[in-house]
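What follows is a short report on a single structure.
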Amino acid sequence: MNLHEYQGKQLFAEYGLPVSKGFAVDTPEAAAEACDKIGGSEWVVKAQVHAGGRGKAGGVKLVRSKEDAKAFAAQWLGKRLVTYQTDANGQPVTKILVESCTDIAKELYLGAVVDRSSRRIVFMASTEGGVDIEKVAHETPEKIIKATIDPLVGAQPFQGRELAFQLGLEGKQVAQFAKIFVGLAKLFKEHDLALLEVNPLVIKADGDLHCLDAKINIDANAMYRQPKLKTFHDPSQDDPREAHAASFELNYVALEGNIGCMVNGAGLAMGTMDIVNLHGGKPANFLDVGGGATKERVTEAFKIILSDSNVAAVLVNIFGGIVRCDMIAEGIIGAVKEVGVKVPVVVRLEGNNAELGAKVLAESGLNIIAATSLTDAAQQVVKAAEGK
């Protein structure tokens with residue numbers, strides 16, 4: 001689950017980290033009032049969406065009057081912001097963050113992720129702040145320095161100081177960086193985060209360090225023990241199809257291709273998408289119906305897949321382990337009849353009662369193409385999507 005910038009900064013402040021004074025507002029009038037509360041003569045106004053690239057899309061602006069802040073809020077509230085990280089429809093703007101202006105002398109990067117290879121939290125820092133860390137990692141990987149956190153003792157101040165020295169910080173900045181580093185590590189662990197970024201972490205004109213941005217992603221599997229963070233969820237930022245799928249315990253991620261995929265098991269789903277790509281097709285989605293697939297869930301899965309108007313064919317790839325293939329076949333037939341599927345459907349069944357499942361499909365009288373292997377399934381669905 002992603003948090004908005006203002007929510008991330010709220011957590012930063014609770015851990016004693018330096019952030020700008022600001023207020024999240026949902027009306028133009030409140031934006032003007034926020035300027036009065038903050039004081040000063042310059043403010044930064046930011047549209048709050050779960051996507052990067054807001055500045056280039058016009059979603060971040062420096063304003064020098066309350067009227068300009070009010071006008072910015074009126075311009076964006078209730079509208080959709082399109083950035084390079086969103087689709088063509090963009091993300092809805094329901095909040096504007098109004099905060100004090102910061103004089104920036106230098107921009108740095110500081111972030112943390114769970115590294116699966118070492119099975120530990122790894123912090124990354126760089127002098128290349130304000131740009132995508134993925135771009136830095138690709139073009140100049142030597143500019144990224146790392147610190148691995150021992151899960152038994154946690155982040156240590158000396159690790160923060162080592163990173164600070166490698167970043168070229170000096171004097172009071174070293175102690176400030178170490179404090180930010182330890183605070184972020186504590187926040188990461190205590191709130192079950194999957195990703196945390198401060199980009200940029202800036203050196204102000206007076207030499208002090210300051211967290212100018214906050215990007216936080218929480219591990220969805222740990223949300224049951226984070227009741228406070230559950231209240232931070234903004235459903236307006238969710239893909240409606242993904243939200244609908246989650247209500248039926250279906251794991252769905254929308255993509256940009258034209259071949260719908262319905263698979264049981266996340267690993268098999270990834271492999272299915274790979275082989276579709278290998279044979280020249282483009283998956284329209286990732287959809288894992290799970291090990292306990294039922295007729296109802298298969299029906300909902302079809303509805304969700306076909307809600308994407310780009311889908312020209314559907315590939316159903318099921319491995320019968322706990323679940324029987326003949327039961328899945330009956331579910332597919334029932335779903336095709338109920339939903340009124342008008343695109344070609346290719347089905348590959350393997351495992352428990354696979355032969356019986358194939359027989360059930362063959363005797364259904366429906367336009368369902370039975371595949372003999374995963375390769376055959378991929379080739380058939382690509383042809384079907386192309387109208388061949």
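Backbone N, Cα and C define each Cβ position, glycine as well.
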- line: Among N251, N258, N264, Swiss-Prot assigns to the substrate site of G321, I322, V323 just N264
- request: Can you tell me how spread out the ATP site is, meaning the largest CA to CA distance among K46, G53, R54, G55, E99, T102, E107, in Å?
  value: 19
- request: Please name the residue among the binding-site residues G53, G321 whose C-beta has the most neighbouring C-beta atoms within 10 angstroms.
  value: G53
Field: Residue among the binding-site residues K46, R54 whose Cβ has the most other Cβ atoms within 10 Å
entry: K46
Nearest of the binding-site residues (N199, D213, V323) to T102 (ATP binding site), judged by Cα-Cα distance: D213
- prompt: Helix, strand or coil: which one is K46 (ATP binding site) in, per DSSP?
  reply: strand
- request: Tell me, if you would, which residue among T102, N199, N264 (binding-site residues) has the fewest other CB atoms within 10 Å in the structure shown?
  value: T102
- request: Could you work out which of the binding-site residues (E99, E107, I322, V323) has its C-beta surrounded by the smallest number of other C-beta atoms within 10 A?
  value: I322
